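So that you can see what the record holds, here are the features copied from Swiss-Prot:
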REGION    1-82  region 'Disordered'
MOD_RES   Ser31  phosphoserine
MOD_RES   Ser47  phosphoserine
COMPBIAS  55-66  compositional bias 'Basic residues'
MOD_RES   Ser83  phosphoserine
BINDING   Gln118, Phe119, Trp120, Phe247, Leu248, Cys249, Val250, Ser256, Arg258, Val259, Ala260  tetradecanoyl-CoA binding site
Amino acid sequence: MGDESETAVKPPAPPLPQMMEGNGNGHEHCSDCENEEDNSYNRGGLSPANDTGAKKKKKKQKKKKEKGSETDSAQDQPVKMNSLPAERIQEIQKAIELFSVGQGPAKTMEEASKRSYQFWDTQPVPKLGEVVNTHGPVEPDKDNIRQEPYTLPQGFTWDALDLGDRGVLKELYTLLNENYVEDDDNMFRFDYSPEFLLWALRPPGWLPQWHCGVRVVSSRKLVGFISAIPANIHIYDTEKKMVEINFLCVHKKLRSKRVAPVLIREITRRVHLEGIFQAVYTAGVVLPKPVGTCRYWHRSLNPRKLIEVKFSHLSRNMTMQRTMKLYRLPETPKTAGLRPMEKKDIPVVHQLLSRYLKQFHLTPVMSQEEVEHWFYPQENIIDTFVVENANGEVTDFLSFYTLPSTIMNHPTHKSLKAAYSFYNVHTQTPLLDLMSDALVLAKMKGFDVFNALDLMENKTFLEKLKFGIGDGNNLQYYLYNWKCPSMGAEKVGLVLQ
């Protein structure tokens, strides 16, 4: 990272954003506004499977450390405030406040209940402890929307990224690859490929101004990004035009410069200009106020490698050989008529998906064009397989997307190839059989692990197919400027990349 970003002039105290402070999909790491230092929150999909107590010791040590920090900060409090400039006093008070509420973002509702959310208390979202029984916007749509962009810290400038330019796409890939979501132990980091980013960021209706970048003025280096994509969302009995907020990322060396809140305010302004006032996003941290909470589960496909890179561990009384045998899969799928999705299947996949999602409370409402974009197979991005019966009718389909993770500091293995369950629809084939075949197909394609959230009907097959619950954070689902009762994971029917 060039000197420009390190030496950029300190920004003025950030104004409280008026905006859709969501960030999506962990993607969707919004609590930067409360604690800028921890910009990359774990969405849950990276965390090792929970089959050992090996981390308990670490947690104890961490707690001790935090206790020490709190004590130290308390001792530091009697500074001669009146001998310092007002700006410096504010900084010290802010630091003391951070220590007093505990280090880092809240991972559980219990932790969150002890935090104060000064930023989120100004936003159109329900309060954490609020019991919501109504449905509708928190505040009405705005008529007069700010026309000029928000002010960035000195030395930085806005740039709407043209992802059709391979050089720009590569810059975004590099920013995310080096600074985006890591697991809590800094062992794995999402590795979104340039092609995957085009798939995730350019669905039907995408707008270039919603690919919102921040550059260093002098070097033109890309140091920040946030995105929005359009989506029709069905929430309980209402269908609403929203955006999905995603890929909030700030370069590690800029985490103290309060860039993230400005990014979120700016994407909100740009979305408001298009007449959209609601958003959906996910995060691995607890903010006011989750509408649903899901958890990642992991199914070993290549147990030896997963153990070698410490993604999972040998259970007590288990040898490597017995573990390999436990997770062994058939050589080929067993469902008759299972084949890759073709162009001719788009209308029937659209129909099957639309019908299936009606049973859930939070779902996308996709057009046929969107179904083509999100489900038509692309190598190393999205795989969809349909089941065609003897009469030539497509009755079921399964899908998973590809999202590898970089393995940090391992002498042999550099990448972990992970498949993520997307949408799976069954009318004739039992879901258990369909997902068993999904595992076989993923194994055949060289994946190391198959990840799935416990949403929709997924709980019915997770344990039976030998998935293990992740030991990472929950994935929280949020709505911006929309109030509704919260729901169980089994009623969430929305998967964000």
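Placed from the backbone N, Cα and C atoms, the Cβ positions cover glycine too.
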Mapped DSSP class for Gln118 (tetradecanoyl-CoA binding site), helix or strand or coil: coil
Entry from the binding-site residues list Leu248, Val250, Ala260 having the most other CB atoms no farther than 10 A: Leu248
Cβ-Cβ neighbours of Gln118 (tetradecanoyl-CoA binding site) (radius 10 Å): 11
Mapped DSSP class for Arg258 (tetradecanoyl-CoA binding site), helix or strand or coil: coil
Among Gln118, Phe119, Trp120, Phe247, Leu248, Cys249, Val250, Ser256, Arg258, Val259, Ala260, the record's tetradecanoyl-CoA binders - longest CA distance, Å: 24
Trp120 (tetradecanoyl-CoA binding site) CB neighbourhood, other CB atoms within 10 A: 21
Cβ packing number for Arg258 (tetradecanoyl-CoA binding site), 10 Å threshold: 20
